[in-house]
Amino acid sequence: MPEAKPETKKAPAGKDATKPAPKEAPQQKAPTEPPKEAPPEDQSPTAEEPTGIFLKKPDSVSVENGKEATIVAKVNGKELPAKPTIKWFKGKWLELGSKSGARFSFKETHDSASNVYTLELHIGKVVLGDRGDYRLEVKAKDVCDSCAFNIDVEAPRQDSAGQTLESFKRSGEGKSDTAGELDFSSLLKKRQVVEEEKKKKKDDDDLGIPPEIWELLKGAKKSEYERIAFQYGITDLRGMLKRLKKAKVEVKKSAAFTKKLDPAYQVDKGNKIKLVVEISDPDLPLKWFKNGQEIKPSSKYVFENVGKKRILTINKCTLADDAAYEVVVKDEKCFTELFVREPPVLIITPLEDQQVFVGDRVEMSVEVSEEGAQVMWMKDGVEMTREDSFKSQYRFKKDGKRHILIYSEVTLEDKGHYQVMTNGGQCEAELIVEEKQLEVLQGIADLTVKASEQAVFKCEVSDEKVTGKWYKNGVEVRPSKRITISHVGRCHKLVIDDVHPEDEGDYTFVPDGYALSLSAKLNFLEIKVEYVPKQEPPKIHLDCSGKTSENSIVVVAGNKLRMDVSITGEPPPVATWMKEDEVFSGSEGRVRIEQRKDISSFVIESAERADEGRYTIKVTNPAGEDVASIFLRVVDVPDPPEAVRVTSVGEDWAVLAWEPPKYDGGRPVTGYLLERKKKGSQRWMKLNFEVFTEMTYESTNMIEGVLYEMRVFAVNAIGVSQPSVNTKPFMPIAPTSEPLHLTVEDVTDTTTTLRWRPPDRIGAGGIDGYLVEYCLEGSDEWIPANTEPVERCGFTVKNLPTGAKITFRVVGVNIAGRSAPATLTQPVTIREIVEQPKIRLPRHLRETYVRKVGEHLNVVIPFQGKPRPQVVWTKGGAPIDTSRVHVRTSDFDTVFFVREAARSDSGEYELSVQIENMKDTATIRIRVVEKAGPPENVMVKEVWGTNALVQWQPPRDDGNSEITGYFVQKADKKTMEWFNVYEHSRHTSCTVSDLIVGNEYYFRVYTENVCGLSDLPGVSKNTAKILKTGITFKTPEYKEHDFRSPPKFLTPLLDRVVVAGYAAALYCAVRGHPKPKVIWMKNKMEIGEDPKFLMTNHQGVLTLNIRRPSPFDSGTYSCRAVNELGEALAECKLDVRVPH
């Protein structure tokens, strides 16, 4: 696969400009100290950090025209629920596939062992039209991810003497490619020639498309552009369309469209847009398409037809709506492209200046207005990319709206001015990096030594990475057989064996990079010694005498330890090694003794904790003995922390606590590392990258209602311990929010009733109930009113002191604890409130309440009054029968209940509510009805022709309800099949027509009321015989009937209670012949032509309308009907009440 060319950056000016540039590291080689969030092994350092399901994202490449290009990506199959579907796109919407041409080939392989999918896109003979942005999309059921890359196509390299690449070379023949400076002079000389050749070639090379194809495109319809592009392998459709637009090709007038879509539309994200097209015939069918997929009507896409206009409205546009749209009418199409513009990204919290030391961790953060926004980091005007992050030891991190630049260990080269740029603004800050001040922990001491003795200069500084040089009288000391220079940790040592007189002088140690020097003087003590042959007491040569505990050695557990001790003496002494009372003599095994000339070695192959202790070496010969001791300290990683536990949890956080490890490994514990995971998962997530020194840690950004486990590692100078035992699974749960709308519902001399609503936020922990507390005025103590939580949103606090002022509050309780309290704003005075008794009779009970036999009779009547009034029910002035009627009375209503209503329950019931001498009453009329009995004396009175007159009498039992009609049927005597004749007949007779001649009929009649038809019919006692033709019928003689009648009220006036200001009406019905004269009166005074009253008479139904009545209009109203045969009177009472 062609590799992208690395960008060449200029070295910053300054003191570092003269330093030689380091050699470029190989691409696949990891840096010496990788950042804590290192990329996967199979990912190139120049690629983006993997996110989502991609293990390796496709790289942007640059390839020569005519060469081949291969794009490779890797997908983690463990993150996918099923086999993925792979799609490659050119630009935003052009899908590459089999129709893209033979130059494009696709390959997909699956490694079952690692469950990794490898995806390849191969482009043969790349043309200039292939350059542009590409996108790879991976889908598997509901999992979807995509990533973008770019292919840049370069002009082919020239082979002539003036070729570009040969001109772009470095000076200095015979040197490596990285040596010397870039020779721009030869390149500039050829620039003019190259530009002329490019200008001449521009007319022939238009996106790599031959002229004959351009001619074909100019003569083709727009709907054919895509097919031609696919046929000839043209992938840069946008560039092709721009070129065709410049050509000004004459387009034939469309037969279907009178106005087409605009070439492109633009809309801001979140807004709506309308695409309008006008067609020639409103009856033509029309379809809308998005990226080739038909659009269906929905709340997102709204279709409108206005005359010949067809409108597509796209609501709440998102980036997914940035696509190509198409309208199809018959065989004609028109296209457009919609561009969705994201709002500008604003900087909320800018960068801040920082001053740090070399080696410190630095985090520079900026907060923007949109999550997932793209920002550009720049340092001293140069863009910072992820490709350069592996060389410069920095990394980028996104946390919601925060973008963070992290240096794990900052260097002097990292100082400068940093900028963050977005499409809506920018900010800048300065990073100042200073050298740490070097501290001297142990200086060099002056020495006075004798001839042939050893001189040791030793010093210790604060930074173990600091190197340095030793000088004698200003001249650098070089190591030799007698002179040894060592650097172990923070200690620097100069050892001079067999000191000579010329070794005397001033010795200085100078740390590299610091204006600091440590000096000491070596004094040579010359002593004259008389020669005593072969008599020299033994001597052990160590750093110190061995008489104190300062002589110690530290070894890491598991490492090999070799203690070489120089010994002298004549004759050669014998060395013995001991640990307390244990004597070591073996020359083989894990712990052994090795003897050489003038050296005795104590070797431990793999140091263990048990090897720690004080070791003694004793050397003897005839001239004497010498003893020295060495304390061996074995250091190791610490044991895991103890007693790891979760002490408290919240909505998205938990507090973890632990105890230090029992064994610190011989080195102080410097801190702890923490991890967490979801229960059942095997993936642990690090919570901190820098060691945490405290014993408690608050973990945040957790999901409420999900079980988690956590563990802790201990860290010392040696390394990291094994993980602790996992905590017990725990779930982040937060208390609920405070209850809402706390109010006082009722107050008595000793109690207070409170009401409230559930909290606005309950969360995954639910709610167990509520606790009520109160506080007396002048006190700070809150007294619990209930020990167990109550589930309902109401509670009555009892046994309160009368007259006291008390403040109440309510808290919600769940598994996470108590919520914030909801407190009354004002204290409540505990005192009974006297309220006059009043019955609030429901509207449906102000008229007769009708129920059927057998149904429930349930009457609920609210009332008010304090203290609680006495409620009494009576019927006809006598107490009600408690064996049938059940009465339940509460503080605010009374319930009258009969399980199965009977007709005996009908009547007028009186309800009285009384408090001392105050009383209110109400009357409730109840009627219990059932089906009526059958009609009586059903007979055929007369038969003529094919007609029969049937008469009957009303039933004895009307079911306690008005008879609404009769249901008449007939049946032929031969078949006795009954057929309907009349329904809802109001009269007690009817004429049955169209009877069949020669048949004989029976008739039956059912009674009908509000409960329905009677169970049994009344059957005619005689029959109706229809005689055959030829029989004469003698018409009976009838006496003329006198229809005159005196006035009679069919429907009386009813008492009314109305509200003042609202129109009221009084109704009644009168019958009489001749038509009676109607007179309305108020309090027995005739109502004249008063405009306040309107009197109407419609077919005997009399109405008196009263316009906007007032309490003055209350009184007794009467209606008198008069004709020549007599008169009738109806009266009622009207009560006009003013609303309170």
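Cβ atoms here come from the backbone N, Cα and C positions, even for glycine.
Marked as compositional bias 'Basic and acidic residues' by TrEMBL: 1-10. TrEMBL lists 1-60 with the feature region 'Disordered'. TrEMBL lists 344-439, 452-508, 538-628, 1047-1135 with the feature domain 'Ig-like'. According to TrEMBL, the domain 'Fibronectin type-III' annotation covers 640-736, 738-833, 934-1029.
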Count up the helix, strand and coil residues in the domain 'Fibronectin type-III' (934-1029) according to DSSP, in that order. 0 helix, 52 strand, 44 coil
Mean of pLDDT values spanning the domain 'Fibronectin type-III' (934-1029): 91
Three-state composition of the domain 'Ig-like' (452-508), taking helix and strand from DSSP: 3 helix, 30 strand, 24 coil
Count up the helix, strand and coil residues in the domain 'Ig-like' (344-439) according to DSSP, in that order. 10 helix, 49 strand, 37 coil
